[in-house]
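The next block holds one structure in the form of structure tokens; read it before the comments.
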Amino acid sequence: MTTCEDPSGYKQEDEFMDILEERRRSSDLGHALRTFTPSPYRGAPPLSAGALNRMVLESQYLRYVTKEVAMETGESVDLVREEASGILDEMSQNLQLGFIRLLGFTLSKVFKRLFSHININQEGLNRLQQAIQESPVILMPNHRSYVDFLVLSYILFTYDLPIPVIAAGIPLMDMKMVGEILRRSGAFFIRRAIGSDKLYWAVLSEYVKTIVRTGYAPVEFYVEGLRSRTLKSLTPKLGMMHMVLEPFFKGEVYDITLVPISISYDRVLEESLLAHELLGVPKPRETTMGLLKARRVLEDDYGSMHVYFGMPLSVRQLTKGRVDRCEYNLLPRDLPQRPSVETQECVSWLAQQVIRVQEQSSILSPWSLMACLVLQDHQNTDPGEEQEKGLSWELLTQRTLWLKGLAISFGARLDWPEQPPENQVMASSMALHSSVIRCHQGRVTLLEEEGPVGAGPFTTEEGVVRRARAVLMVAAYRNQALHVFIRPAMVALAIHTTRSSQREDIYSYFRFLLDLFSNDFIFITGRSSQDFEEACSLLRKCGAVQTSQQEVTSPEEGQRTTSFLRALLQPFIDAYQVVFSHLCLEDVEVFTERQMVPAVRSLATKLLLSGELTSCDALSSDTQKNVLSALLRLGAVTRLRTAEHSEFRANKPAISRLADTLAGRLPVQTAPNPRL
Amino acid sequence: MLFEGNRFSSPFVTVPTGFCSWLCVVHRGTTTSETRPRCDWSFPYCQYTKEEPRCGKPILNNREPRRGKPILNNREPRRGKQEIMKWNGWGYSDSKFLFNKKGQAEFTGKRYRLSGMTLPSLQDWFENTFGASVKHKSPATVILNASVVPPPRLNEAFVENLKATGIPFSNEAEDRVFRAHGHCLHEIFALREGKKFERVPDMVVWPNCHNDVVKIVELACKHNVCLIPYGGGTSVTSALECPPEETRCIVSLDTSQMNRILWLDENNLVAHVEAGIIGQDLERLLNESGYCTGHEPDSMEFSSLGGWVATRASGMKKNVYGNIEDLVIHIKAVTPRGVIEKSCQGPRTSTGPDIHHFILGSEGTLGVVTEVTMKIRPIPEYQKYGSVVFPKFEAGVACLREVAKQRCAPASIRLMDNKQFHFGHALKPQVSSIFTHFVEGLKKFYITKLKGFDPHQLVVATLLFEGDRERVLQHEKQVYDIAATFGGLAAGEDNGQRGYLLTFVIAYLRDLGMDYCVVAESFETSVPWDRVLDLCQNVKERIIRECKERGVQFQPLTSCRVTQTYDSGACIYFYFAFNYRGLADPVHTYEQVEHAAREEILANGGSLSHHHGVGKLRKEWMKDSISNVGVGMLKSVKEYVDPENIFGNRNLL
């Protein structure tokens, strides 16, 4: 197991193979009924789900917390115990091989219908198999689609590896039948808002820790916590991370292996839903009926799916020197203990590391690159002009090929076959997205959603939303590619905004950007200077900057690259500025998130209509919430603890300072953030 | 560190045949008399006493100093056991393991029960465990080459003054080298290789009594000479190593001549003893009067009372008699500030922090312990070994924990893991009778086939009961009943005894290993009960992985046992050995692995040491172990007691 440098361990010779190919050739029933004898971790003795639950309920830890809760609430211990047992029943998985087989059969059918290929890296599976023998394994996929949910179990079943238990959100459980099927396929369910429910935390963490400790099964969870609506990585959630790592910190297991897994889609099933949610159309409740209704999605073509099993990461090696495990020596190990600040930082760092690996090993489709260019063109077009709408196909082809070269030199992994000719690859990649983009008479245009049949003419505001829907759908695919360009883009922006050639100035603005945008893009804490150097060296490689000891300059011939990179960031900067200016309005004092989102949205709509704003990202609730989190983190907004909904108070001078700094009107304040 | 502070002499102990399940092989090798008072130390040590000079009898040694230097000794030194001991290995010169011409292992000499016996399964075990071969020898240098010893740096004025006191001393290379080391792997390895010494003591003095020590310490202070107290020389913490940066004359203060029992108080059951006495002598002399201390560290054949005090030693039978800190009533020690002692022998006092605890564990950094008053007990009427086989290590640990909970631990209770169980079996002497052979086979069949114990998983707990007969039998039943609830099967006295035999000969076995490219060491810790299993597992795993990473070509042997139980935790003892063929610097590799293992122990909630001490080997972890303030407290004591760092062995801090 290697630790760093190229944490993804990607090698050019990593070969993907299509698991559907075999399924198209031989019987699905045979596949579902195949002998399945995976060798678990260290030959751990098989444990029934019931026995596992008993172990959890009888643990010292739960006994202790039960007693404590009983004392606090004045209820009897037995009652609290019953409550704990109820929580566990609601939560626990009930993995059964029979259901895995049933699922295997069904998924074979569904996947063959949806996808043309499911490509996996065989080498990664071999490494995984090795890792499972050695220590408890945590599978950490990214989360872009509901399809992720069972695809790993399906693959592991196919390759005779132990089926993981999967952390799932409780809404899934409430779906009739489906909840039970998932439970029997190894899902366990976690409530969304646990808050300060001590008993619930205790049951959950003991449950997870027992699974890790006993090597019961690999644990699969999404470190991002949620499905990403924007197809960008999300800020990692650390609760689960702490739970799975604690058995190592407390010396209950020798090591824990984290396996980052990258699942990339040519086209995400829920794409239209995503844009709706971002624009404030609420997410439909997850119901079985909803699922059945959604079966028309089965009729569409979703291209390929890539599953890349990353290099297993040894927690022991990664945390060496970062965590002093002796801190656990002075309390009984069965008692709850708040991890030290160092440990918390280390866990967060590990999570960022995993996300970085996921990003680096994700596979980009040609469409992702095209989406970047289409959107940039869209931004530059005045929406008023009806004539000459869209980008010409030739231009798009030419630019995409240029971008392909740039992406490859920046280390991106492209799914760009050598055959057929490039033109056709692009066309077929775009064809998958015909619901949102069209090439008509040599011009590529975004399609707007048609209104309900027979509905009257819509208002200009509605028109904006319709346009935005298309833009945000395309933006999601652009976002898939952002991780490749983000750091060099920030350097390019820093050079441009500071109008300085001094390395020091550029670096401090770069750090300012990292800090400000660290909710939108995931950076590794404490790595800013390395990130800067790496970004500079990438830019230098493609001739976009020249560097010396003291200076970083952008020569004329690198303008094409740097302006492309800056344009990539522009929508985000615009969106942040819109939120900033909203919060600096006079009538905004104390506000809730629920008030802020629509208010910002209407401001953005106004600006879009007036042409002051050209990018639609400001309309996305996801981006708006990220701005709020960033401001909270930077202390420009304070949270007032009241009632149910958190209220916030904006610190207007601080916000306008941020706005001015971002726009380059103020130099970066040199109070270095200790986190970076 | 291949012996536990407690080297028990079980192989000599005669065993009554009282307990005999049908499983148990009756041990017929020794005679049993239940009527005469038991004297544990009669067999081996009688022989030893005959040839060993006792205090008061002058011994003659005509060896002249070899160098052209003037003879410095004003009297021929009495070298203690030096004459009959190996200079570059463990124990007596006449006792060692070797593979004879037939390829069978045998143990030479006449001192031990195993002496003169062949051990038919040892070679197979050895070759299979380490991937070693008897063809690949790595023999030791036979004699000490005086040219590798740096010439002494003498303080002339000190020597002159010392001569006037009449206290014997020497600056012969052999005497100095003998006291320049303990028994750490790197120390013995260097001796065997005949490596050049960086720093050894410049001279050795042999005080005869407390007053001699007072004189020596006064002179040392006056002339700024560095003193390093030397007792039995069984340190395994680099505590005896001379600090290479020391520029003053280093004098090794050998306490071996201070070996008398000064008085014995039968009313209060205490004995006042000079601190240089060696464990086995103390026990033998007390036995003559019908008493014992019951303090039996594994090293007791060679280690001294003063050494026990200075390192906080622990004895195998501490469950009955207590560890050294429970045994001492009064300590007299000479420091550069003067003599420290208490004014009475009250069994417990509330007079501020106990000053004994500054001396206990001070590892020779504050002064020399000269006299100790310690508890004695009448020799127990009856003694009995026993053993229990458990299907798994986990079950054994759970049983020991329960025994500790019920506070019914026998004099000794130890749990050996599976590897050690097999190791112990490899030391079985040739079986002469077909009957024994048959019974052995039957036993194995019963345990592995009928009871379904996996031979690669089962572990054995070894027991030693002591007291009056009735009580022992009752106690035994209680312990076996507890064991049964954890799936334990009584496995006879023989297995129990063999367990203790292993600890006893292990250091001799290390010398055998080193003859065939195998390096070995042991280390220990203490840990709360709930961490015992995880600590054992993680430390073993760490060792195996570290060895692999550091290019050790063969699978290392890692084995552990729980050797002591306490109310709240246990003492754990690890063996670690590997075949070093193909390694450029085996000792360095070994040290790196041991270092990693210690870090793993600490990370898993284990202590820095249970009874070996800190010495210089584990100094780096002291601050983390006892906090900065703790280190500061110790430093300020040192600063007051010994501002000139006369006791300059630089242990501990």
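Each Cβ is built from the backbone N, Cα and C atoms, and glycine gets one as well.
Copied from TrEMBL, the annotated features are:
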- B:197-379: domain 'FAD-binding PCMH-type' (DOMAIN)
- B:229-235, B:311-314, B:363-369: FAD binding site (BINDING)
- B:R414: site 'Important for enzyme activity' (SITE)
- B:R510: substrate binding site (BINDING)
- B:Y573: active site, proton donor/acceptor (ACT_SITE)
Pairwise Cα distance for B:G367 (FAD binding site)/B:R510 (substrate binding site) [Å, integer]:
33
In whole Å, note down how far the CA of B:A313 (FAD binding site) lies from the CA of B:R510 (substrate binding site).
22
Can you check which residues sit near B:G232 (FAD binding site), meaning Cβ under 8 Å from its Cβ, same chain, 6 or more apart in sequence, and list them in order?
B:I278, B:G279, B:S299, B:F302, B:S303, B:S304, B:G307
Which whole-number value in Å describes the distance between the Cα atoms of the residue listed as 'active site, proton donor/acceptor' and B:G364 (FAD binding site)?
25
If H, G and I count as helix, E and B as strand, and all else as coil, what does DSSP give for the residue listed as 'substrate binding site'?
helix
Far apart in sequence but close in space: which same-chain residues, 6 or more away, have a Cβ under 8 Å from B:S235 (FAD binding site)?
B:G182, B:H183, B:C184, B:G307, B:T311, B:G613, B:G615
Minimum Cα separation from B:R414 (site 'Important for enzyme activity'), reported as the residue among binding-site residues B:P229, B:A313, B:G364 that achieves it:
B:A313
The residue listed as 'active site, proton donor/acceptor' CB neighbourhood, other CB atoms within 10 A:
28
When DSSP states are folded down to helix, strand and coil, where does B:G367 (FAD binding site) land?
coil
In sequence order, what residues of the same chain, 6+ apart, have a Cβ less than 8 Å from the Cβ of B:G364 (FAD binding site)?
B:I228, B:P229, B:A239, B:A310, B:F647, B:N649, B:N651
For the binding-site residues listed here (B:P229, B:G367), tell me which residue's CB has the most neighbouring CB atoms inside 10 Å.
B:P229
